[in-house]
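Only one structure is covered here, and it is reproduced in the block below.
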Amino acid sequence: MPQNNTLKGNHANSELSGEEWPRSKAAKNLAPGLASLQWSPGPLGRAISVGSRLDVEALQGDRAELVPQHETKLYHRRWFMLFLFSAVSASNAFMWLQYGIISNIFMRFYNIDSLAIDWLSMIYLLTYIPLILPVLWLLDNRGIRDVVLVGSAFNCIGAWIKIGSASPSLFPITFLGQFVCSVATVFVLGIPSYLASVWFGEKEVSTACSIGVLGNQLGIAIGFLVPPILVPNVDDMDELAHHISIMFYITAGVATLLFILVVFVFQERPKLPPTQAQATARSIPSEQYSYTASILRLLRNRPFILLIITYGLNVGCFYAVGTLLNRMIIDHYPGEEVNAGRIGLTIVIAGMVGSLICGIWLDRTKTYKQTTLAVYFMSLVGMIVYAATLSLGHLWVVFITAGALGFFMTGYLPLGFEFAVELTYPESEGTSSGLLNCSAQVFGIIFTICQGKIIDRFSTLAGNIFLCVFLLIGTIMTGLIKSDLRRQNANMLAKAALLFFRRRGRSRDKTTEPQR
């Protein structure tokens, strides 16, 4: 089976397989900036440093001819690939929260306690941890199409299993269906940055990543809004089972349609790469790439390790808030299940706007660390304000403060993905984002369980203060991350080299013109 990967070249299929970095003595004497673009199996930190620059004066004689220039192209169908993937991600994210946002109704329907309902959400987080490394291996060896295809298949199967669980005695069946859907999450959650790098140009890659993340957030938004509408809090158990069954049939139908579209429409990657950085990554010979060595290089990358921790703290807090939102709202505003869903919707809609704005901002400014730090700090401020105003007795205040919290906390998601790609280039985008998500799942489980216990024993305020403490720690750690933008350096070096070659070519043409 051919290997399709952002990092590994495929000499059988790739149109760029013949364009490899030369390894002659002259190549070793290239300017430091260009030399750093050559692949080395050693520590990734030596590949491209923040101080790398193209010393065009040093490029003399035949040295300029050693730097390869690849043909790049943007395809219109890239947008369809992105939106199809986003729809699959949205479908899966909806099923994550379809129980938690009406937890009191499902607790009564299945006659279970709050912890069992919380595990219907936390199973998404737990499943991710042991499966992420095998899925990343699959992504490296089989490519993005196979990974998205398997993910959409699991999503579809899990949705159909749930249809058979619309009875008070069948909680194990609904848990099985949720578990199968949670497996699908492992295949889709870390794809946005990978897909954006493979299909999109330098000036739109962050926006594309934001849209990919936005798809997941759209599913969460629908998960907050639709279940309270489809499943009202009625006393008759037969009527309640009917409403639950309708919700399950709708989700299964949508998941099936998306699976069919992925089978027949979704593609691996464009024929020509969209950027010089992507072209360089494609040209790396497969025999020089090791999945295990790639993971080890990432784990030795100190800025990336800090980002893994800070991303996990922030997104883990978001998972805890999303899972426990119904309990927090009902505790202060009894009987407001529908408004609890609307508040969750407000959080996510505001976050979708934040994600899109942050992506566009990154494409224009490339200020990755500054933007990440600012948004992280504002997430902390938003959490403090939300915690302080939740018990005031005014729902309209909660809508405003929750929206502000969502704008920054959810807006942080694509920032983390894109910052990770910059810090880890030329490693696989899927690997870096997968490790970020793994950290988020670990902290999400810890925070959800701990905050739930704190709320039960003390109060919702104490539970929210618990999250604020860890957001403060994450903000401080974010400030310590070294901004080493390797992908941007690679693109700038390639552009500078091309400009130099053109100028040098024009200079040669002038010197060889016959004198009249």
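Keep in mind that glycine also has a Cβ here, set from the backbone N, Cα and C atoms.
If you look up TrEMBL, you'll see 1-16 marked as compositional bias 'Polar residues'.
Sequence annotations record features per position, and here TrEMBL assigns domain 'Major facilitator superfamily (MFS) profile' to 78-486.
What TrEMBL records for 1-21 is region 'Disordered'.
Summarising the annotation, TrEMBL assigns transmembrane segment to 79-99 (among others). Residues 106, 117, 120-121, 124, 148, 151-152, 155, 158-159, 162, 174, 178, 181-182, 184-185, 188-189, 191-192, 195-196, 199-200, 208, 211-212, 214-220, 222-224, 226-227, 247, 251, 254-255, 258, 261-262, 265-267, 322-323, 344 of the same chain lie 6 or more positions beyond the ends of the transmembrane segment (79-99) yet place their CB under 8 Å from a CB of it.
Beyond its flanks by at least six residues, the transmembrane segment (119-139) meets 5, 96-97, 99-100, 106, 146-147, 150, 174-175, 178-179, 181-183, 185-187, 189-190, 194, 291, 295, 319, 322-323, 428, 430-431, 434-435, 437-438, 440-442, 444-445, 448-449 of its own chain at Cβ-Cβ distances under 8 Å. As annotated by TrEMBL, transmembrane segment applies to 119-139 (among others).
Look at TrEMBL and you will find 146-163 (among others) tagged as transmembrane segment.
As annotated by TrEMBL, transmembrane segment applies to 175-196 (among others).
Listed by sequence, the residues of this chain that lie at least six past the ends of the transmembrane segment (208-226) yet keep a Cβ under 8 A from its Cβ atoms are 78, 82-83, 85-98, 101, 188-189, 191-193, 195-196, 199-200, 247, 322, 325, 341-345, 347-349, 351-352, 355-356, 358-360, 410, 413-414, 417-418. Per TrEMBL, transmembrane segment is recorded for 208-226 (among others).
Residues annotated as transmembrane segment in TrEMBL: 246-266 (among others).
Look at TrEMBL and you will find 304-322 (among others) tagged as transmembrane segment.
Annotation source TrEMBL lists transmembrane segment at 342-361 (among others).
Under the heading transmembrane segment, TrEMBL lists 373-389 (among others).
Beyond the ends of the transmembrane segment (395-415), by six or more residues, the same chain brings 192, 206, 209-210, 212-214, 216-217, 314-315, 317-318, 321, 329, 333, 336, 339, 342-344, 346-355, 357-359, 362, 368, 371-372, 375-376, 378-379, 381-383, 385-386, 389 to within a C-beta distance below 8 angstroms of the stretch. The transmembrane segment feature in TrEMBL is assigned to 395-415 (among others).
The transmembrane segment annotation in TrEMBL covers 435-455 (among others).
Per TrEMBL, the feature transmembrane segment maps to 461-481 (among others). Residues of the same chain lying 6 or more positions beyond the ends of the transmembrane segment (461-481) and with a Cβ under 8 Å from any Cβ of it are 303, 306-307, 309-310, 313-314, 316-317, 320-321, 324, 328, 369, 372-373, 376-377, 379-380, 383-384, 386-387, 390-391, 419, 423, 443, 447, 450-452, 454-455.
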| task | Using a Cβ distance cut-off of under 8 Å, indicate which of 146-163, 342-361, 373-389, 435-455 has the most pairs with the transmembrane segment (246-266). | result | 146-163
| said: Give the nonlocal contacts of the transmembrane segment (146-163) in its own chain as ranges (CB under 8 Å, at least six residues past its ends). | reply: 85, 88, 91-92, 95, 135, 138-139, 173-174, 176-188, 191, 245, 248-249, 251-252, 254-256, 258-259, 262-263, 266, 430
